């Protein structure tokens, strides 16, 4: 790729000024990365402009489908880039903070591809209806279609508001349609069909099945990634299935060879009731001695002196031998 000469680059300078005013640290990462990619491909295009734009003739008739990927990321001039990227900076920041970076990146990828496909479908339909081949040869380039889809999405998440278009208040519900007409009137060189394709893609997401289909596809990918069975199953607390790694406690339980699954035998250790009571009292005395050494307060409840406990143990032994 080589640098593309572009006049004074006034649009780029204004875009840089906007970025510094907003603050790079205040721009979410996906929005900033996509914006940077558009600027980079403007300065160092992946293909000449006439080989990056999308049309029915080039994409469908000549099977050059890569144009669906190239066309949203290339722009005709620096002013085209400036206006698109300033609009994306505002829309992308709001939507990425609301939807999250991964889903917003997924959304941009789908919108970019679908906008091109809907554009081809609309142009092919107009060609059939009017028998005018110029519709099939019209070549579109730029991020505008995706921006119109994002505008529909933004208005969907902020209903009831008002946007001023050329000084006139317009409900957010109809802003996209008003801007579609006004842009076509004030800038005849813009692609009316490309912008319309973006609006239709946005409506497919907000009022159609696109959002559900995207969630389904994302769920399938996520489930396939997480359904692989682990080599070993560890339990740190009950049956949580947490797998410990590194130097931390993994929760893996290892039992001695003579371990028995009989809970009663494990608890009584084969002792009689008197022997169990004697062992319990002995353990209690040991625990009390350890607590005293640590300065801990004595346990709550009725307490016997050590002499009384020793006498009680002696009497129980005598009763056991007498029986």
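Glycine residues also receive a Cβ, built from the backbone N, Cα and C atoms like all the rest.
Range annotated as transmembrane segment by TrEMBL, chosen from 83-102, 103-122, 163-182: 103-122. Matching 204-229, 282-307 against TrEMBL, the residues noted as region 'Disordered' span 282-307. Note: the domain 'Peptidase S54 rhomboid' (64-207) comprises 104 helix, 9 strand, 31 coil (DSSP; helix = H, G, I, strand = E, B).
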